[in-house]
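Participant: Shown below is the structure under consideration.
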């Protein structure tokens, strides 16, 4: 959504241009340059205005989606009931707290048809001592029939945080309503601990006192503590929606004009500061005197933020430290009241500082209790009877009980015969939601570990609201969203944000890396001295000063460190896994090596035994005058008078032999031609008893070696004993 202005300006004298300035609600300012006297500018202007300012609700971008893709199970009323049950301690572990809440508060469906108050939810939490009839009577005494309703309960102390609109006391503050006084007094219940003093009730008026008195002239005003026992009335001095809108507009103009990237094409601040010729005379396209103006604009906006922070922190402190009950209201009870109530709940309840709790808080205090998003964002909504009654409902209630237009019959959904859409003609837009998110960003800076979400999440949340892509923040109340069928026709923003976080895992930029739930499970009560806000750079400077908007961000550094840590942890786990795999492989290889060693030792022993056997066989064969020849050739044939014996052994018992070859052993008798007649070839001649001077005469003479070891010869030792040994057998020396 944008605001359009025709800006006549020239970039230079030689090439005149007509400029069209588009001002966005997200602090972005875009300038289009056109040639003079062309129709293109008007066509673009008309197109932008047609899509930026649609005349009907159904022309918004949220309704362009396919209805079949919308999750029909997403029911905000069911989620609100779930939050109500959580507040009433239905799931509490302490039976005392259950009993206390069930006997002091109740859920009522008196507004199920939105006839009690058209801008309140269908179900309300009220004191159990107040009947539905009392609620009807009390609603007539509050502007827009927005009677005091409980928004949050302290499960330990019993203190409550309630909200309403201004009472219709009149200029002289002399109008009273017994049902309203009874309802407000019922908020101040007895303490759980009977020894404690009676509970006190603070009635906090968010407006300046002068504004409250001025509203008295129109029939409104503020409460008198004399009419409400044990109460005290305070004023916070927060300005109205028009002051907030003008303050943001001035801040946006200066940030755009003096940022490093400006929409008007001016030089950047960095380049001008580094230029000696311009040093001391200009800074970011403006004079140094303009810094005083900037400080004034910035201080004005930050002063509004500080007022909201101080007010919400004070409310949270009274509930957390004094166990007091607090009733908050402004004029209508849907702008400043919503800011204070939602921020105080965020400080008091750590659940609201999580993603789920943040959603529950927004749906309860912003959506269900009727913050007019359509008016504040400047988009069309649904109205009855051509819009006339709609205007009456949004007007501050004035006059006495009978003349106030807000006290008349508001009608039920069934009474409207013709439902039309209305385009916002009055300028009621205001950055109410942006201010609340700005306050949360300031708390994030003070307590970086107290929130599950990051500042980037707040920026994207605001962008989703401004984009009109989703139906959650259309219309002005729960009743209008129900009438227009927004829930069943448009996508849900919460589903989109949840899917976005799931896609990034634990490293997503929406997740606060410093979140410590165990440390911050108690209420946050910041001291007043710490509530000095600074400009929220992630939102206000992201278009004009991109480096400065993220530079030095604690969250970005935290995400970077967390990613590095997770990467190192993964690397460590991978290294440990590889180490375990290598260790297992080494153990397996060691086992195989030991097995191979045992097999090798066994084979070596078998080989040695076979070698000894072969040597013994070879020696035995050689003693009978035969030769032993080893060969792997099966076709080898020895000479005549051959005796052969072949055998096959396994390859692992014979080294350096082919696995598939046969080892053959041939035993052959020695032929005459192979017998050497020289003494050197026959060593046995020196020892043979049959030798002569001519040498060995075998086979013509006897041979002691062959004669004693001839194959088939069996020695007859008895015959040797009977032999007579004569001297002639031995030659003389």
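Quick reminder: no glycine exception, Cβ is built from N, Cα and C everywhere.
Here TrEMBL flags 330 as active site, phosphocysteine intermediate. Annotation comment: TrEMBL describes 215, 216, 217, 218, 240, 241, 330, 331, 332, 333, 334, 335, 336 as substrate binding site. If you look up TrEMBL, you'll see 401-414 marked as compositional bias 'Polar residues'. Annotation source TrEMBL lists compositional bias 'Low complexity' at 415-427. Feature annotation from TrEMBL assigns compositional bias 'Basic and acidic residues' to 563-579. Among the features that TrEMBL reports, domain 'Myotubularin phosphatase' is placed at 74-540. Residues annotated as region 'Disordered' in TrEMBL: 401-427, 551-579.
I'd like these features described in context: how deep, what's nearby, how far apart.
Facilitator: For residue 330 (active site, phosphocysteine intermediate), the same-chain residues lying six or more positions away in sequence with a CB closer than 8 A to its CB are 165, 166, 205, 206, 207, 238, 336, 337.
Counting only same-chain residues six or more apart in sequence, the Cβ atoms lying under 8 angstroms from the Cβ of residue 334 (substrate binding site) belong to 119, 146, 165, 369, 370, 371, 372.
Counting only same-chain residues 6+ beyond the ends of the compositional bias 'Basic and acidic residues' (563-579), those with a CB under 8 A from a CB of the stretch are 506-507.
Across the domain 'Myotubularin phosphatase' (74-540), the model assigns an average pLDDT of 82.
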Participant: When you look at 215, 216, 217, 218, 240, 241, 330, 331, 332, 333, 334, 335, 336, which the record names as binding substrate, what is the longest CA to CA distance in angstrom?
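Facilitator: The widest Cα-Cα gap among those binding residues is 21 Å.
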Participant: Counting across all protein chains shown, how many other Cβ atoms sit within 10 Å of the Cβ of residue 336 (substrate binding site)?
Facilitator: 27
